[in-house]
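Let me begin by presenting the structure, written as structure tokens, before commenting on it.
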Amino acid sequence: MAGQRVEVDGGILEGGGQILRVSTALSCVLGLPLRVQKIRAGRSTPGLRPQHLSGLEMIRDLCDGQLEGAAIGSTEVTFTPEKIKGGIHTADTKTAGSVCLLMQVSMPCVLFAASPSELHLKGGTNAEMAPQIDYTVMVFKPIVEKFGFNFNCDIKMRGYYPKGGGEVIVRMSPVTQLNPINLTDRGSVTKIYGRAFVAGVLPFKVTKDMAAAAVRCIRKEIRDLYVNIQPVQEPKDQAFGNGNGIIIIAETSTGCLFAGSSLGKRGVNADKVGIDAAEMLLANLRHGGTVDEFLQDQLIIFMALANGVSRIKTGPVTLHTQTAIHFAEQLAKAKFTVKKSEDEEDSSKDTYIIECQGIGMRNPNL
């Protein structure tokens, strides 16, 4: 099984945890032994952090692989994958490390497992520098399922910065192959909805303030749609610690989904949290793409593994997306092209078509 180790430079492009997630997931799915060097080399705290380590250990356990150099602060790991089994696995960041990022690294692997998987992911559900779990469930899930699979995400407990303490359970069955996707027709925005939440000691009024500020901001640009943002007090037994935040989603006539979200921090007033989320959503609606800036890079690995040609229309291509493409080409040998969109309606906008000839990965374990 073990051929030549693939060497990955963890310091190029995005230069962070994303390189580790993409390369480890592809290594596991493709059965490629891997060495990643210079992990998070340019970050203020270089090397593996608890959330990266718990993700790596879960992937190792999923496939009975060998993992060397996996310790907090380590800048080099080697990974030798074996057959992906499935079953019940736990990853616990023991911090506010994002459960959504744990899901990102594990999902491609469990799709190509021998049997169904149940992943218990523990950490932050609504944490900075990562998708919020609400984004994962409301935007990522319905779009990624177009590749021809379903997953179930059960939010047991929400966890916030700095304590974490959240838990989600992801259940998923393997597939034989992934279907390609074609997301090039954006349609028109038909509804805008969302949720504004508080948890712990924060007063409920904060939800109303965030939502009202967000609605005022959206109204300036989009006048003809009712914006339905639910204020939510997270139940005491379903939220660990204190937090507040908002996610707003726009849905189009062709089923495209876009989001803007923001989390409260000490000293930041509720209006600003609402406005930040609204402005992020509006920016994602201006570029004419069919996916927002956060979905872009998350779809690349699935496009690379799918059986056929996939196309997505995007706004400006992010560094995370460039990074995912680079490693999908290096490891999976998929072929990507990124071109400016030639559609009439996109001529004045910064709109691109990302096309991929997927490798048609077949599940060797089923």
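For all residues, glycine too, the Cβ spot is worked out from N, Cα and C.
For 13-338, the entry in TrEMBL reads domain 'RNA 3'-terminal phosphate cyclase'.
Long-range Cβ contacts of Gln104 (ATP binding site) within its own chain (separation 6+, distance under 8 Å): Arg21, Ala25, Gln298. Residues or ranges marked as ATP binding site in TrEMBL: Gln104, Phe294, Leu295, Gln296, Asp297, Gln298.
Residues annotated as domain 'RNA 3'-terminal phosphate cyclase insert' in TrEMBL: 184-285.
Neighbour density for His320 (active site, tele-AMP-histidine intermediate): within 10 A of its CB lie 20 other CB atoms from the protein chains shown. The active site, tele-AMP-histidine intermediate feature in TrEMBL is assigned to His320.
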Other than Gln104, Phe294, Leu295, Gln296, Asp297, Gln298 themselves, what residues in this chain have Cβ atoms within 8 Å of the centroid of the ATP site's Cβ atoms? Pro131, Phe140, Val291, Glu293, Leu299, Ile300, His320, Thr321
For ATP, with binding residues Gln104, Phe294, Leu295, Gln296, Asp297, Gln298 per the record, max Cα distance (Å, no decimals) returned as 13
Nonlocal neighbours by CB distance (under 8 Å) for Asp297 (ATP binding site), same chain, sequence gap 6 or more: Gln18, Thr318, His320, Thr321, Thr323, Ala324
Under 8 Å Cβ-Cβ from Phe294 (ATP binding site), six or more apart in the same chain: what's there? Pro131, Tyr135, Val139, Ala259
Neighbourhood of Gln296 (ATP binding site) by C-beta distance under 8 A, where only residues 6 or more apart in the same chain count: Ile312, Thr314, Val317, Thr318, His320, Thr321, Ile354
By DSSP assignment, list the helix, strand and coil residue numbers for the domain 'RNA 3'-terminal phosphate cyclase insert' (184-285), in that order. 34 helix, 37 strand, 31 coil
